[in-house]
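Beneath this line is the structure, given in C-alpha cells, with notes to follow.
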Amino acid sequence: MDRVKRKLKRVQLALLFALIVCIIMFGSSVVIFLFGFMLLKMGVNVIDYDHRLSLLIFAIISLVIGTVFAFLFSEKPLKPLLEIMKATDRIAEGDYSARIHLKGPYELKQLSDSFNHMAEELASVELLRTDFVNNFSHEFKTPIVSIRGFARILKRKDLTEEMRSEYLNTIIGESERLADLADQVLSLSKLENQSIITDKKVYNVSEQIRLIIAMMYSKWSERNINIEFERGELMLHANEELMKQVFINLLDNAVKFSPDASVIKVHIIEKVSSFIFVIRDQGPGMDEDTASRIFDKFYQGDTSHGASGNGLGMTIAHRIVTLHGGSIRVETAPGKGTTFYVELPGTSKDRMN
C-alpha cells in the first residue's frame, strides 16, 4: 500500500509540475507582452529594454503561481483515494467498522456507498464465521471430554463388568456422535458451496418416504408411536440422495420430539405447479423465538424433553430444499405439536396412476 501511495504521489507531482510550467509560461508571456506594449506607448525603445527585467518578472510570476497551485492542489486530487486506502488498511487488519464518506461528484458518492456496503457484508460474514467456530468447538469438545473421562475411568481395576460395559457403551455413543457431527459439517460445507443442484432425476418420492419410515421402524415402534402416511405414487424431479437427507432429518426430528403412543402424520398436497410434503407430530411444540431460529446452524432449541442432536439437521434440510428451488417452513405453538411444510416444484403430470 505504501508503494502505491509513493507512485501516486510521484504522478501527482509530475502532473502538478507540468500544469504549473504551462501556466507560468503563458502568464509570463502575457505580462511581458503587456509590459513591452506599455514601454512602446511611453516611447521607450524595446530593443534596448533590459532583458534582465523580463527574467525577474518571469521568476516572480513563477514563484507566485507555483506557491498558489502547490497550496491548492497538493492533496485535494488524491484525498478520496487516500481515504479509501486508509479504510482498506483498517479492514485488512480486522477492523470491519471502517467506513468512508466521500464528497463530490455522484461517482464518488456511489463509490463510497459501495465500499461501505462491502464493509458491512464482510462484518456479517466474520460474525457468522466466529459463531460457527465457537459453536463447532463446543459441539466437538463435549463428546471428546466425555470419551477421555470414561476412558480414564476404565483403567481402574475395581470396576464391575456391568459398570465397564456401561462406560464402554457411553464411549461408543459419544464417538458415533462425533462421527455424525463431522459428516454433517462436511455435508453442510459442500451444500453451502453449491449454487445449483446436479444429478437430478425423476424418481418415486412416495416410495422413498415409505422406505425411510420402514428404516426408522425400531425408533418409533419401541415407543408405540404410529406413523401414518397417505399412500400414493408421486414422481419427483430432484436429487434423490439429497432429498433422502431432508426426509430423514424431518422424520427423525418428529420421532425425537413425539411423546410415547402418539401419532405422526405424513401426507402430500398437490398444487398447480408444486407439491407440499407435510409432516405433523403431536410433540410439545415450540415458542415463536425457537421456531424463528430452528434453521440456524447448531441451534437445538429446548432440550429439556430429552431429545439430542447437533443442531445441523434442519440447517441442511433448509439448504437442500432451497437449492431445489423450493421452500420449507414450520407451524408450531407450545403444547400443540409441530408441522413442517416442504414445497417443491412439480406438476400433476408427475402423479402416477
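Quick reminder: no glycine exception, Cβ is built from N, Cα and C everywhere.
Annotations in TrEMBL come from automatic prediction, not curation.
The domain 'HAMP' annotation in TrEMBL covers 78-127. TrEMBL lists 135-348 with the feature domain 'Histidine kinase'. The transmembrane segment annotation in TrEMBL covers 12-40, 52-73.
Across the domain 'HAMP' (78-127), DSSP helix (H, G, I), strand (E, B) and coil residues number 37 helix, 0 strand, 13 coil. Mean pLDDT across the domain 'Histidine kinase' (135-348) comes to 84 in this model.
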